[in-house]
Amino acid sequence: MGIKAYFELIRLNNCLMASFGAFIGGLIASYFNLEMVNNLIFASIVVFLVCGFGNALNDIYDLKIDRINKPERPIPSKRISLTNARIFSYLLVFTGLCISLFNITCFLMAVLNSIVLQQYASTYKKNKIIGNLIVAYLTGSVFIFGGIAVGNIDVTIMLFLCALFAMWSREIIKDYEDIEGDIQEKVISIPIKCGENSIYIAALLLVFAVLLSSLPYLFGFFGIYYLISVVFCDLLFLIGIFPLLINPSRRGAKNASRNIKIVTNLVLVAFVIGSFFK
């Protein structure tokens, strides 16, 4: 029962990425105002802890399934007891909420997201129609959280919307890849309900993300360097999903899902460029 097992329980890399997203979101919103660094550090720690809470909860609720499908995970392998996992998850969220009190709006959002994470783990993992939207919201919300921490959410709302639609699209594509297993597990998902038409739904959501990505330039938040960067990303989005539209397949879905994840990170870089070279 070493610290490595607890890092595995919270999915350390995911927590670090979410924390980094909040920090970058705050940097963008503050236009690299280094006087806000303390607030950004607090926000990043809160996101790390609340994300860890959500990931630990997922393992707690998935114990029966993981005993069969992922017996190497910390709880089914008995490297961490179920009781200790629960205590640890509560400790994470309690600490995160306490730290979030540095900003009352951050505290309220941390409470909201903690409740959403709990509901997702306990109720909506088998209803992916709702669960996909929850995952997309949580992914994008880290940027707004960073913006709240520095007192400016204008730009981060746009980043949130781009991330939400891109991740929502990606989750549907991932479900298309997993459709056979989801049918066996009696999961509700858009691909199960709509079949190949779900690919067109995912593509439409991705088009929304592409259209929204131009808003920071159109509203005057960022300049031409941002526009050039984000148009490049938008082209990669469309190129990445086009083969799946022509020939829907599980392998194509896997490739498209990977491409969307990579390009979403590049969009974040475009926002950084736009903020720095405003």
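Even glycines carry a Cβ here, placed using N, Cα and C.
According to Swiss-Prot, the feature transmembrane segment maps to 17-37, 40-60, 91-111, 129-149, 153-173, 204-224, 226-246, 257-277, an assignment based on sequence analysis.
Packing against the transmembrane segment (153-173) from elsewhere in the chain are residues 25, 28-29, 128, 131-133, 135-137, 139-141, 143-144, 146-147, 189-191, 198-199, 201-203, 205-206, 208-209, 212-213, 215-216, 221-222, 237, 241, 244, 253, 256-257, 260-261, 263-264, 267-268, 271, 275: each is 6 or more residues past its ends and has a CB under 8 Å from a CB in it.
When each of 17-37, 91-111, 129-149 is checked for Cβ pairs under 8 Å to the transmembrane segment (257-277), 17-37 comes out on top. Sequence-remote contacts of a segment are chain residues at least 6 beyond its ends whose Cβ falls under 8 Å from one of its Cβ atoms, and for the transmembrane segment (17-37) they are 43-48, 51, 142-147, 149-150, 152-156, 159, 268, 271-272, 274-276, 278.
Long-range Cβ contacts of the transmembrane segment (91-111) within its own chain (Cβ-Cβ under 8 Å, at least 6 residues beyond either end) map to 10, 39, 42-43, 45-46, 48-50, 52-53, 56, 141, 144-145, 148-149.
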